Amino acid sequence: MAPPPAKLDEFVPHPVKEQFPGIDFCITSPPPWPEAIVLGFQHYLVMLGTTVLIPTILVPQMGGGDEEKARVIQTLLFVAGINTLLQGFFGTRLPAVIGGSFTYLLPTISIILSRRFIFIIDPYERFVHTMRAIQGALIAASSFQIIVGFFGIWRIVIRFLSPLAAVPMVTLAALGLFYIGFPNLARCVEVGLPALVLLIFFSQYVPHAISRGRVFFDRFAVLITIVIVWVYAHILTVAGAYKHRPPATQFSCRTDRSGLIRASEWIKVPYPFQWGGPTFDGGDVFAMMAASFASLIESTGTLIAVSRFASATPVPPAIFSRGIGWQGIGILLDGMFGTANGSAASVENAGLLGLTRVGSRRVIHIAACFMLFFSILGKFGALLASIPLPIVAALYCILFAYAASAGLGFLQFCNLNSLRTKFILGFSLFMGLSVPEYFKEYEILAGYGPARTRSRAFNDIVNVIFSSPATVAAIVAYFLDCTLLLGVASTRRDRGWHWWEKFRSYRTDPRSEEFYSLPYNLNKFFPSL
């Protein structure tokens, strides 16, 4: 018996979508207030992982104890709330969370290990002096993004960015963080693995099996998973499952080992220069500027992913430049308040937009309010911040995957049957993974990076830039895409340039005007914005 004839529709390629479909609430359509509040709280919980992990790495090396770590976490959370609101109201106006960034760890650790602090014996005094040096470096380095953004330099760069060059930038902004995913989950497999399995089950399988509960599990799978596994981890802790385990295992698995609740104050409002006046060193400043450059590229890739999951039109170059300028203001606030870290767009919260199918600005504004609220009420914020790291790492495995997939989605605008496209795409992705891996392995084996000269600032600049997967991939892809076979007539369509060309000026497109314009009163007095 002959097989039935195939339908013609089965062989029609999937249509190209300028705005991402399947989003329930886009950037300008907020969900109901009760649902928005819970979603905002969920975004707050997700960003807590990075907010807690970075001070946990830095503060002990600076000489601080649990009290100093708790204060740094509160300060970082407080400034993150301010920066998120600034970005949401005056920057790109995308539903992006602005928080801490792992890109700033290398120059910060370089400052911590500087010889000028070795002879300070008292741990707290060394912590304060180190913090003041980090503050000075951040304050000076913030000028880089402020100038690049507000003077329109980044707008010129983005004008020549095509969908093909954007793929490695967006994809590796998420995949480049693979080392804080499963490796941290594996520190306590009995807690992290159930969290990963439950999140996949609740977010991917249950909504399709229970039609009435689809929206509930789509929206709140992360919150449900955290509650269940956190209670499970607490039961293991109380039952004495980790009494005879190694200290590292107890620190990762137990729910009472963070030391944050005991060390936090009930009410504490962070304020500028709470650690004292900043100190400035030329080498520290240039190293931190290199991190600011890498952070700029990573944030741009994350913001592109955010715009995609918010079902917005392609972001015009002028809006990116404005957002980077305000991110520079955020780094300035980091230096003034003393967070020991710079600011960047949160990759995990970008992935959460895709998981929940809600890309509303209102939700992110509410999340920022939670950041401010719990940063002031220290004990309550510390309780939530004591979630075991393997649970957070399990969330990262899913959320980073969503953010990376946003970058791969831009391949629909490119010609994948072109050898030029295949070379640029494959080579940039490979070098974006290979070069940073070489720098990290070299540092693990030798104790220092491949750049080893008499100038510590030069060493830090090279090591910071080439240790960022998104930065390496973006530089390679952008250069090749702007120089290779531009004289060939088909290149423009192969790189997807024609799809984004009409969005280069947001004031000529009413949809972009609706998404990205500043509030009326600011546009009236500052039309250049």
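Cβ atoms here come from the backbone N, Cα and C positions, even for glycine.
Because TrEMBL annotations are produced automatically, they should be read as predictions rather than curated entries.
As recorded in TrEMBL:
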{"type": "TRANSMEM", "residues": "41-60", "note": "transmembrane segment"}
{"type": "TRANSMEM", "residues": "72-90", "note": "transmembrane segment"}
{"type": "TRANSMEM", "residues": "102-121", "note": "transmembrane segment"}
{"type": "TRANSMEM", "residues": "133-154", "note": "transmembrane segment"}
{"type": "TRANSMEM", "residues": "160-182", "note": "transmembrane segment"}
{"type": "TRANSMEM", "residues": "189-208", "note": "transmembrane segment"}
{"type": "TRANSMEM", "residues": "220-242", "note": "transmembrane segment"}
{"type": "TRANSMEM", "residues": "363-385", "note": "transmembrane segment"}
{"type": "TRANSMEM", "residues": "391-411", "note": "transmembrane segment"}
{"type": "TRANSMEM", "residues": "464-489", "note": "transmembrane segment"}
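With pairs at least 6 apart in sequence, the transmembrane segment (72-90) and the transmembrane segment (363-385) have 3 or more Cβ pairs within the 8 Å limit; the two touch.
Counting only same-chain residues 6+ beyond the ends of the transmembrane segment (189-208), those with a CB under 8 A from a CB of the stretch are 214-215, 217-218, 221-222, 224-226, 228-229, 232-233, 236, 252-253, 355, 388, 390-391, 393-395, 397-398. Through the fold, the transmembrane segment (160-182) approaches residues 53, 102, 297-298, 300-302, 304-305, 317, 347, 350-351, 393, 396-397, 400-404, 406-408, 410-411, 413-414, 421, 424-425, 428-429, 432-433, 436, 468-470, 473-474, 476-478, 481-482, 494-497, 499-500 of its own chain, all at least 6 residues removed from its boundaries and within a Cβ separation under 8 Å. Sequence-distant residue pairs (6 or more apart) of the transmembrane segment (133-154) and the transmembrane segment (102-121) include at least 3 whose Cβ atoms are under 8 Å, placing the two stretches in contact. Within the chain, the transmembrane segment (102-121) has long-range Cβ neighbours (under 8 A, six or more residues past its boundaries) at 50, 54, 57-58, 61-63, 129-130, 133-134, 137, 177, 180, 281, 284, 287-288, 290-291, 294-295, 298, 340-342, 344, 456, 460, 463-464, 467-468. With a cut-off of 8 Å between Cβ atoms, the residues of this chain six or more beyond the transmembrane segment (41-60) that come close are 68-69, 72-73, 76-77, 80, 97, 99-102, 105, 108-109, 112, 127, 180, 220, 222-223, 226, 258, 260, 340-341, 346, 348-349, 352, 356, 363-364, 366-367, 370-371, 374, 384-385, 387, 389, 392-393, 395-396, 399. Sequence-distant contacts of the transmembrane segment (391-411) (same chain, at least 6 residues past either end, Cβ-Cβ under 8 Å): 20, 46, 48-49, 53, 163-164, 166-175, 177-178, 180-185, 187, 191-193, 195-196, 199-200, 203, 222, 225-226, 229-230, 233, 301-302, 304-305, 308-309, 347-355, 425, 496.
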